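**Q** Below you'll find the structure I mean.
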Amino acid sequence: MKKQRNLRSMAAQAVEQVVEQGQSLSNILPPLQQKVSDKDKALLQELCFGVLRTLSQLDWLINKLMARPMTGKQRTVHYLIMVGLYQLLYTRIPPHAALAETVEGAVAIKRPQLKGLINGVLRQFQRQQEELLAEFNASDARYLHPSWLLKRLQKAYPEQWQSIVEANNQRPPMWLRVNRTHHSRDSWLALLDEAGMKGFPHADYPDAVRLETPAPVHALPGFEDGWVTVQDASAQGCMTWLAPQNGEHILDLCAAPGGKTTHILEVAPEAQVVAVDIDEQRLSRVYDNLKRLGMKATVKQGDGRYPSQWCGKQQFDRILLDAPCSATGVIRRHPDIKWLRRDRDIPELAQLQSEILDAIWPHLKSGGTLVYATCSVLPEENSLQIKAFLQRTADAELCETGTPEQPGKQNLPGAEEGDGFFYAKLIKK
């Protein structure tokens, strides 16, 4: 039996690690969830994701409610108060329970002397909630995005930035990819129906299913047997443009965690696939995905800027480059991105993408296809990146995705309920 732990203090410490230390929630949360009971796992996730999604609002409120910010060793208390405010604002937890558990969290973080302060701040919010929220809703903080990102979105999308921000602040739907080597989408939807769950097919992507209500993977028919994979619809769109064929040599570059590697093999089971990623730790996820789906690929650790180190002079029929990016298209799914990224990261990422594109292009066969994809919505990483590549690469030709002046296809967050994603299909003359 798991030891009873204070979830509010655990959530506060996790959020502090993201915001103050730049750690990714996807690395922090799973080990924490192993320490709590199954029924508490979902609440811990909700508190962490929710606080990060609404961080700027909670920060704004604390600055209004407290004369001085909590600093130094007491900084965790700042995040504990955030967790308390989030519960009062956004959950159905009874206020008395939310307050009691949050105040008790001070003991868990070894700050019992501050229980009275935490209780006082949260009760003050309850008394002043109406006027505080009215003031907040008239401020720029209401967009729940850092100012640097808001400015970039406003510049790139003068007509659409508000809908992008709104989509980023929503909870994401759960999308699945049906493994066509086991089931047609319709036959798997029938199995889902028999299991008492409802799903909806995507209009454009033939393997994509959206669940009416998110569910744990072990409840999905055939998940352990590889019948279905969790993957956003927009990520599945890569296969529309890559169009892999049996017998081809295909490179999946920046492949971890392996969702697109396995999708290639579902579409073209007899393709020879090489999956490469720079992060050796994340490559373990590629192996796990291949094993669950019963598939084989050549998996290598390597830097996309130096392909000769891991593939010699080998050339490929098709290359999928899911480039390292700001991930600004998947904020609704990973709200910590808003607080992990910095404005200075964007030109650095654009430079890295440019170097990888230039390095991998010679490894594409004449007549071959390269699909450049990102989960970003920023032009510097997307259309401007491809436009510059086309201008300096004489044997590269844009195919089916946009125009040379405005290359690529940009999906915005929430469009057809998918994530923000960019694709450009390039052919080697």
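Positions of Cβ are set from backbone N, Cα and C atoms, glycine also.
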**Q** Where Swiss-Prot shows C254, A255, A256, P257, G258, G259, K260, D303, D322 binding S-adenosyl-L-methionine, which of D232, D277, D343 is named for the same site?
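**A** My reading of Swiss-Prot gives D277 as the candidate in that site.
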**Q** Would you mind ranking the recorded positions C254, A256, C375 by how many other Cβ atoms sit within 10 Å of each Cβ and giving me the lowest?
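**A** Minimum Cβ neighbour count within 10 Å, taken over the recorded positions C254, A256, C375, occurs at C254.
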**Q** Give me the long-range Cβ neighbours of K260 (S-adenosyl-L-methionine binding site): same chain, 6+ apart, Cβ under 8 Å, in sequence order.
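**A** Counting only residues 6 or more apart in sequence, the Cβ neighbours of K260 (S-adenosyl-L-methionine binding site) under 8 Å are A235, C238, M239, D252, L320, D322.
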**Q** Once the DSSP letters are reduced so that anything not helix or strand counts as coil, what is A256 (S-adenosyl-L-methionine binding site)?
**A** coil
**Q** Of the binding-site residues C254, G258, D303, which one has its Cα closest to the Cα of C375 (active site, nucleophile)?
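**A** For C375 (active site, nucleophile), the closest Cα among C254, G258, D303 is found at C254.
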